[in-house]
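Chemist: Straight out of TrEMBL:
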DOMAIN    12-134  domain 'CMP/dCMP-type deaminase'
BINDING   H61, C86, C95  Zn(2+) binding site
ACT_SITE  E63  active site, proton donor
BINDING   A165, W181, R195, T207, D211  NADP(+) binding site
BINDING   S179, L215, R218, E299  substrate binding site
REGION    368-389  region 'Disordered'
COMPBIAS  378-389  compositional bias 'Basic and acidic residues'
Amino acid sequence: MDSKIEPRVGTAFDREMMQRCLTLARRALGRTAPNPLVGAVVVQDGKIVGEGFHPGAGQPHAEVFALKAAGDRAQGATVYVSLEPCNHYGRTPPCTEALIAAGVAKVVVGMVDPNPLVAGGGVARLRSAGIEVVVGVEEADCRQLNEGFIHRMVYQRPFGIFKYAMTLDGKIATTSGHSAWITNPAAREEVQQLRIACDAIIVGGNTVRIDNPRLTIRQIDAPNPLRVVMSRTLDLPTTAHLWQTETVSTLVMTQAGANPDMQMLLRDRGVEILELDSLTPTAAMAHLYQRGCLSVLWECGGTLAAEAIAQGTVQKIFAFIAPKIIGGSTAPTPVGDLGFTQMTQAITLERVQWRTVGSDCLMEGYLPSRESGVGSRESGDKGDKGEES
Ligand SMILES: NC(=O)c1ccc[n+]([C@@H]2O[C@H](COP(=O)([O-])OP(=O)(O)OC[C@H]3O[C@@H](n4cnc5c(N)ncnc54)[C@H](OP(=O)(O)O)[C@@H]3O)[C@@H](O)[C@H]2O)c1
Ligand SMILES: [Zn+2]
């Protein structure tokens with residue numbers, strides 16, 4: 001056997017059941033912050049007898065729903081759960097105790113708790129009660145689904161995703177700023193799904209002035225992320241789609257004391273205003289962390305994107321590339337000035353995947369971890385030390 005290929009944990013049936021857990025977990029996409037997405041399945045005699053997922057903060061955990069659905073059939077059963085069962089009293093009693101009380105024989109866990117302070121505690125508690133525990137089934141997929149939650153836990157910051165659409169010649173708009181539409185409808189639908197999975201979307205003042213975006217979710221019953229505008233000047237239009245806040249909230253972050261008249265006008269329209277001493281991507285993300293965000297989508301132009309990348313607030317890139325050429329030596333590009341002069345300074349993405357979406361190409365990749373010191377420029381602090389509830 002090739003030693004480089006990691007052996008897969010569990011049987012084919014175990015993996016199938018864990019994938020079912022992930023499918024269930026995804027039903028709450030965009031609704032669980034600050035909690036993770038979790039799914040659970042109870043299996044008795046090779047058949048699913050109970051299923052559940054965590055619908056959102058303050059509600060019971062996935063295991064509780066699955067055990068309830070299984071009832072007496074949980075006795076001696078195998079429970080599959082995508083994240084290690086909790087072992088502490090939070091807003092709900094620990095799931096480890098519920099599993100023990102139900103008399104389950106075996107628990108199969110996708111991944112351990114990402115909080116280093118409690119990781120492994122749930123597994124240890126189950127084992128001490130005589131329950132067989134298997135850990136790491138479909139772990140890569142489990143981690144991928146909760147990458148926002150994991151990042152939040154480990155770094156006390158939301159996970160930043162920078163999404164942009166550009167032409168084949170690297171432009172995100174024409175020289176006049178026109179950018180509707182670079183991509184095809186299938187790609188724009190893909191953006192809708194990406195938005196649903198995020199808790200907030202950030203744009204810069206220029207994008208509001210030039211594009212007047214809505215940043216809403218068209219799908220009925222899907223959650224809308226918080227819409228965030230970063231503007232130092234508050235030199236913003238008096239009417240804009242983002243100021244319609246009846247169904248979706250908008251937060252404008254600005255510098256302390258900026259444009260009091262505009263602040264008043266926006267507050268009248270139901271827009272929340274946050275004045276920061278220094279309006280930086282780091283400060284914006286620290287605030288969104290405090291609000292409980294797991295994943296934040298940067299949908300800004302190149303000026304703000306460059307700052308966001310330089311400050312280490314972007315972890316992942318979604319780049320749509322359309323087979324169109326627009327030209328224009330002053331047409332805006334996805335990322336403004338990073339201060340690099342040598343190709344050797346380039347930030348090289350990792351775990352890159354390419355696929356086509358209709359006639360466009362989508363590249364997904366991760367920036368090297370800032371903590372590893374690669375491709376990063378330290379700037380600002382490491383965020384705050386907010387506690388998870
Ligand atoms: N194709 C795409 O995917 C896509 C996506 C978004 C935008 N666009 C295009 O991009 C163009 C706008 O790009 P842009 O780069 O000028 O706009 P941008 O990055 O969205 O906005 C820049 C603005 O962000 C605000 N800002 C607040 N804090 C900042 C900070 N710390 N650093 C930098 N900026 C900060 C400032 O607003 P104030 O001036 O109000 O203070 C600044 O002028 C438009 O033509 C739009 O169509 C394309
Ligand atoms: Zn729990």
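Glycine is no exception: its Cβ is also placed from the backbone N, Cα and C atoms.
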Chemist: Given the recorded positions H61, E63, A165, W181, T207, find the one whose Cα is closest in space to the Cα of R218 (substrate binding site).
Modeler: W181
Chemist: In sequence order, which same-chain residues at least six apart have a C-beta under 8 angstroms from A165 (NADP(+) binding site)?
Modeler: I172, S179, I182, T183, A187, A319, F320, I321, A322, D360
Chemist: What recorded positions in the list H61, E63, C86, E299 lie within 10 angstroms of D211 (NADP(+) binding site), counting C-alpha atoms?
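Modeler: Among H61, E63, C86, E299, not one has a Cα sitting within 10 Å of that of D211 (NADP(+) binding site).
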Chemist: Going through the binding-site residues C86, A165, W181, T207, R218 in sequence order, which have a CB under 6 Å from an atom of ligand 1?
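Modeler: The qualifying binding-site residues are A165, T207.
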Chemist: Identify, among the binding-site residues H61, R195, the residue whose Cβ has the fewest other Cβ atoms within 10 Å in this structure.
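Modeler: R195, out of the binding-site residues H61, R195, has the fewest neighbouring Cβ atoms within 10 Å.
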Chemist: Which of these binding-site residues is closest to the residue listed as 'active site, proton donor' if you go by CA atoms: C86, C95, R195, E299?
Modeler: C95
Chemist: Please give the greatest C-alpha separation between any two of the NADP(+)-binding residues A165, W181, R195, T207, D211, in angstrom, as a whole number.
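Modeler: Among the residues the record ties to NADP(+), max Cα distance equals 18 Å.
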Chemist: Under 8 Å Cβ to Cβ from T207 (NADP(+) binding site), same chain, six or more residues apart: give me those in sequence order, or none if nothing qualifies.
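Modeler: In sequence order, P213, E299, C300, G301 meet the Cβ cut-off.
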Chemist: For a three-state summary based on DSSP, what are the helix, strand and coil counts in the domain 'CMP/dCMP-type deaminase' (12-134)?
Modeler: 46 helix, 28 strand, 49 coil
Chemist: I want the residues beyond H61, C86, C95 whose C-beta is within 8 angstroms of the mean position of the Zn(2+) site's C-beta atoms, in chain order.
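Modeler: Other same-chain residues with Cβ inside the cutoff are V38, A62, E63, V64, P85, T92, P94, T96, A98, G122.
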